[in-house]
Amino acid sequence: MGDPVKSDAKTNGFHKATNGHHQQQQEELKIAIIGQSNFAAEVLELLLERDHLIVGVFTIADKAAREDVLATVARQHGIPVFKFSAWRRKGVPIPEVLEQYRSVGANLNVLPFCSQFIPMEVIDGTAYGSICYHPSILPLHRGASAISWTLIEGDERAGFSIFWADDGLDTGPILLQKQCPVYGDDTLDTLYKRFLYPEGVTAMAEAVDMIAAGTAPKIPQTEIGASYDPALFREENQYLNLNQPAVRIFNFIRGLDSVPGALAVVQMEDGEQVPVRLYGASLSARRSMVNGKPIQFKGSTGSAFVTREGIFITGTDGSLVRVRRIKRGNRVIPAGEWFEQMGTTKATPLVLTEKEQEQDTLLRSIWKSILKVEIGPETDFFACGAGSMDVVRLVEEVKDTLEVPIDNETLFMAPMYGEFLQDVIQRLRSGSNGDRGTNIPLDFKHVVLKANRRQIAVPTQLFINGRFVDAEGAKTIPIVNPTNEQVICDVANASKADVDDAVQAADEAFRGVWTSISARERGQLMYRLAELMEQHREELATIESIDSGAVYTLALKTHVGMSIDAWRYYAGWADKIEGSTIPVSPARPNRVLTFTKKEPIGVCALITPWNYPLMMLSWKMAACIAAGNTVVIKPAQVCPLTALKFAELTVRAGFPPGVINVVTGTGSLAGQALADHPVVRKLGFTGSTPIGKRIMASCAESNIKKCSMELGGKSPLVIFADCDLEKAVRLGMSSVFFNKGENCIAAGRLFVEDRIHDEFVRKVIRGIKTMKIGDPLDRATAHGPQNHRAHLEKLQEYCAIGVKEGAKLLYGGKRVAKMEGLFFEPTVFTDVEDHMYIAREESFGPIMVISKFHASDFDALVARANSTEYGLASGVFTQDIAKALRFAERVEAGTVFVNTYNKTDVAAPFGGFKQSGFGKDLGKEALNEYLKTKCVTVEY
């Protein structure tokens, strides 16, 4: 829009400037529109809407068989169209061009945007002259690059002028002008789209209306403050001077953003000089760089650094400019990935399936229909002359034809056809229509698990910023199969620096791409992930069995099944998180509106245990993501494989890089680094009470993180004599032995009424003897191995203490004989007194601890049930509903089961009291753990 009107002769007497208005017209306006572009086309359509007569449209010649949009729109309205490659030859008007122009009989020329030299015979050849649009407040910034120079010079106001053309360069009398403020985040693109384009179209029509009414002024331009700026379409004028204050560097970059881009040259260490273009500049509040890698720009006397956030350039005043994107050749990349991208070779082309080859053909046809050229891998969309409307058309046609989620940025980041095709195919492969993601080549280190008649590839690296990467120093830790104690594989062992990389990636995603995705789109991503988990549920259950010892059938139903349920449940909540309006008392006569907003916290850290690896991840992360946060999760050191497979599925589901990150390793290093990190604002933890205390202390000392804790339990289960005994036995066994006893809400102590105690115990032991202990992948197995050796040894120690203190060991209490692997016998203790260690402390294993009670003293029974520092869950079996409800009212536990046990659901809140922690997983309440409430008050 910045080209000036170019004329080559003196204005005639009719167009001499006056301070008055144009004389009253004597005849109907007959308008010739001269120029090109969407801007001109919209001016044409608006003039037609206002019933003005357009007698001809004069535009540029076709380029590569593509006509300008102005010609297309004019033809649709039946207006004569003339296409000229030039109006003059050797400075002299071309007679046949003048003849065709004069043939339409125009009495007013309207030039919304024109890049050609128009002869004065045309400019002054009509009764009412010629009016032109110029995107600056004349006489400031005359010339072809007015919008850019408005920003480069740091003007506080921008605007446009509509003026009467004369023989000068943007010097004619002013008809009208309009202005707008320049905001700190404006670029050439935003200023044009926000004001100069839409208001300019309207103003051109307004100017024509004024001419038709005889009220159009002709106000002479002053030469005071006039400026004529160099044309920035010349490459030599696009180079950035880096030796100036930061604000000047910032203004120059944004003045050329996004076309053509500020030019600079990177001086590589090997002497190579790499021309680049810089985009997405902002003034940084930082005054120093920590962990930035130096980058050298040619001719710069100041320093520059690359960090994950971008490239930071130091101005001569010591202030910093942040650059978000950088273009080398035809490819635009995140500036923070400069060294990574420079160090990588060109991506290997995808091997397309038969269906994808058909999609390639469709995509090529769309490109060809827009560009009117043959399409090859190196075809550059913008180098072929495509404009902004072509971008919109391409994006919409590709979305409609291939049903793939892309936007304008997709094309901007991959303007060459080959790269664009790869991007689209990768997005299609990660889509929800079928398991197309299985064709993505494995580009990460992995182990292949051969089990359950499957070969399952599982990543073994850290997952940071959408990619699998080695830990610092390529450090690893072994992962052991508890069924046979053999090493499955080695996985990355994250360092403090690795954790910092993950947190920074999450922070960048939270402040960037994740905020641009709507709540409903966020929910759709979560639904897509749940669908992929459903498609891979057998694989996930198999990994869970091998990695953690979970019985396959249980893993399939609970570990994986409830994980999928959680993602689906919270996907539905994503676009239903809302605040409220609050009636307050204003100071009269003013009125006040007060409302609350529920906002995401930011970067959240999750530390999950080893008993339900995937389910604990999903319970916490699904709510966290639904609320709009980004996350770094550290799964349990001993069984991280389902978390890593899950990370792979998030890529296929289309989650942006940095939203979900997985760091494997030790709790003392990686977990502690998350608890200490100043950028993490929320930490969700499930684990033991002693570790929970340490984490809470770190959260407080680092930056007072919000935290939620699901800690140890010693859940009481009370069984009255009036219960359904068979059901009580069956569910009582499940309350202890479910998932090998590695269950946070396991019934840690059973209180059985003395009248049925002995019969209850006999039935339990009879039931234990029918349980099959063995390979968790065997569909008949009911009891698998304990998760890891250290835990097995603690169970042996726990039983030894129970025997020593006088509890009666009726069954089990030891490792299964003559069986490899970490198998522990289901165990039953009776005659357990309140003072004993096993009556007070959690075993977290398949150990049933039974105490008798007499029904005559209900208050004493409740007191015994509550005589523990834990309060996670509880249960009661009785046919007396009043008794059950009295117990539920008085027991100090976050969950109470009546005539059932282990009956959790993703819609029901879950969490404990006392030293079992605070905060909730699951249900609507869990969302509040990952949200903050902001109160807004407006006086009016």
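The backbone N, Cα and C atoms fix where each Cβ goes, glycine too.
Over in TrEMBL, the protein carries these features:
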type: REGION; residues: 1-22; note: region 'Disordered'
type: ACT_SITE; residues: His134; note: active site, proton donor
type: SITE; residues: Asp170; note: site 'Essential for catalytic activity'
type: DOMAIN; residues: 354-432; note: domain 'Carrier'
type: BINDING; residues: 634-637, 667-672, 687-688, Lys794, 842-844; note: NADP(+) binding site
type: ACT_SITE; residues: Glu710; note: active site
type: ACT_SITE; residues: Glu710; note: active site, proton acceptor
type: ACT_SITE; residues: Cys744; note: active site, proton donor
Cys744 (active site, proton donor) and Gly667 (NADP(+) binding site), distance between Cα atoms, whole Å: 19
Spatial neighbours of His134 (active site, proton donor) among the recorded positions Gly671, Gly687, Glu710 [C-alpha, 10 Å]: none
The domain 'Carrier' (354-432): DSSP-derived helix, strand, coil residue counts: 52 helix, 2 strand, 25 coil
The one of Asp170, Glu710 whose CB sees the fewest other CB atoms within 10 Å, among these recorded positions: Asp170
Integer Å distance between the CA atoms belonging to Gly687 (NADP(+) binding site) and the residue listed as 'active site': 7
Integer Å distance between the CA atoms belonging to Lys634 (NADP(+) binding site) and Cys744 (active site, proton donor): 19
Distance from Asp170 (site 'Essential for catalytic activity') back to Gly671 (NADP(+) binding site), taken between C-alpha atoms, in Å: 65
Binding-site residues: Gly667, Gly671, Gly687 - member with fewest neighbouring CB atoms within 10 Å: Gly667
Distance [Cα-Cα, Å, rounded] between Leu669 (NADP(+) binding site) and Asp170 (site 'Essential for catalytic activity'): 67
Close in space, distant in sequence - Lys634 (NADP(+) binding site), Cβ under 8 Å, 6 or more apart: Ala494, Val499, Ala605, Leu606, Ile607, Thr608, Val662, Val663, Thr664, Gly665, Gly667, Ala670, Gly671, Leu674
Distance, Asp170 (site 'Essential for catalytic activity') to Gly687 (NADP(+) binding site) (CA atoms, angstrom): 73
Segment-level pLDDT (mean, integer) for the domain 'Carrier' (354-432): 83
Listed recorded positions (His134, Lys794), ranked by Cβ neighbours within 10 Å, top entry: His134
Of the binding-site residues listed as Ala636, Lys794, Ser843, the one whose CA lies nearest the CA of Asp170 (site 'Essential for catalytic activity'): Ala636
Sparsest-packed of the listed recorded positions (Ala636, Leu669, Cys744) - C-beta count within 10 angstroms: Leu669
Which same-chain residues, if any, lie at least 6 apart from Ser843 (NADP(+) binding site) yet have Cβ under 8 Å of it: Gly741, Gly748, Leu795, Tyr798, Val849
